[in-house]
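Listed in TrEMBL:
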- LYS105: active site, proton donor (ACT_SITE)
- LYS209: active site, proton acceptor (ACT_SITE)
- ASP134, GLU162, ASP185: Mg(2+) binding site (BINDING)
- 82-181: domain 'Mandelate racemase/muconate lactonizing enzyme C-terminal' (DOMAIN)
Amino acid sequence: MRATSLPFAHRVYRTRMTTRFRGLDYRDGVLIEGPAGWSEVSPFWDYDIPESSAWLAAGLESAYVGYPEPVRASIPVNVTVPATTPEKAQAIIARRGGCETAKIKVAEKGQSLDDDLDRIAAVRDVFDGKIRIDANAGWDRNAAIHSIPLLDRAAGGLEYVEQPVSTVEDLAAVRKAVAVPIAADESIRRAEDPYRVAKHDAADLIVCKVQPLGGVRACLRLAQDIGLPVVVSSALESSVGIRAGVALAASLPELNYACGLATVQLFEHDVTSDRLVPTAGELPVRDIDPDTIEPVDEELEARWATRLRDMWDHLAATRNVSDITGGAL
Ligand SMILES: [Mg+2]
């Protein structure tokens, strides 16, 4: 039966992006408030309802149950450099908030290997920290095996390459062929079976994102079961959503890599005046009070209300919501 009203209140936010990212000029989502605090539910619009309902599960758990006990008080983070010009890349590095690791996007549609080499060389010219790259599955197997050693040389050594190719089989083949460590992101987050990465020895580490993987506790279980080092990354959220990533990173038994959680700078307008931006390359572990949510137009309000109800109906039909919310719903 379709839910006529939701058992929780929500607020919609929307912001322009400072830099086009993931093909987006704007980002929007909802914030929900529960007894444990505020949380974010913001599946991208190209995600269908079943996939989006994992994001709702994550938000409900955060708002109703809260976060596990942290084992560290701050989280080292990387600065993210989109697939932009060498000049813009250097400008982003100049504003890195003390980050000692840079993640550079490569293999962007419409760009060449030379564009990637130029961007990496430009970053290396002005930055002596660690450099990692993220191809977002933009190469095929041969292109990855050809490109990675060249980019490794341009960087003076890469920390790792994230999702060079799309399939687990290709990841495993690339990992055998190149010396640079391989991180799995899309193969964990959008896969029917995230454990295939481990079964096929396809990665040296995994990227975990709280919302797509259904919550902080689901991520902790996955990390423990897979047994590989974890990098926690954002799904391009406001400071409220980043707070959940910080909670995951703070409660992992081991954290050996800087996390991809310094992304609220990509928002022109955040939902709080107390943003989660890095100082000395780290984010603090602290709660966020959304005090600057701006009203959005009625159409967007209505679209989110419909989508949330659909996500809720799907979640209620497929999962035990009481388990997710500690018996509250
Ligand atoms: Mg990635």
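A Cβ is built for glycine as well, from the same backbone N, Cα and C atoms used for every other residue.
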Q: Filter the recorded positions LYS105, ASP134, LYS209 down to those with CB closer than 6 A to an atom of ligand 1; keep them in sequence order.
A: ASP134
Q) Among LYS105, LYS209, all listed as active-site residues, which has the most CB atoms within 10 Å of its CB? A) LYS209
(Q) Between GLU162, ASP185, which of the binding-site residues has its C-beta surrounded by the fewest other C-beta atoms within 10 Å? (A) ASP185
Q: Express the predicted model's confidence over the domain 'Mandelate racemase/muconate lactonizing enzyme C-terminal' (82-181) as a mean pLDDT, rounded to an integer.
A: 97
Q.
Which secondary structure state does DSSP assign to GLU162 (Mg(2+) binding site), in the simple three-class scheme?
A. strand
Q: Looking only at C-alpha atoms, tell me how far LYS209 (active site, proton acceptor) is from ASP185 (Mg(2+) binding site), rounded to the nearest Å.
A: 9
Q) Do you know the DSSP helix, strand and coil residue counts for the domain 'Mandelate racemase/muconate lactonizing enzyme C-terminal' (82-181)? A) 48 helix, 12 strand, 40 coil
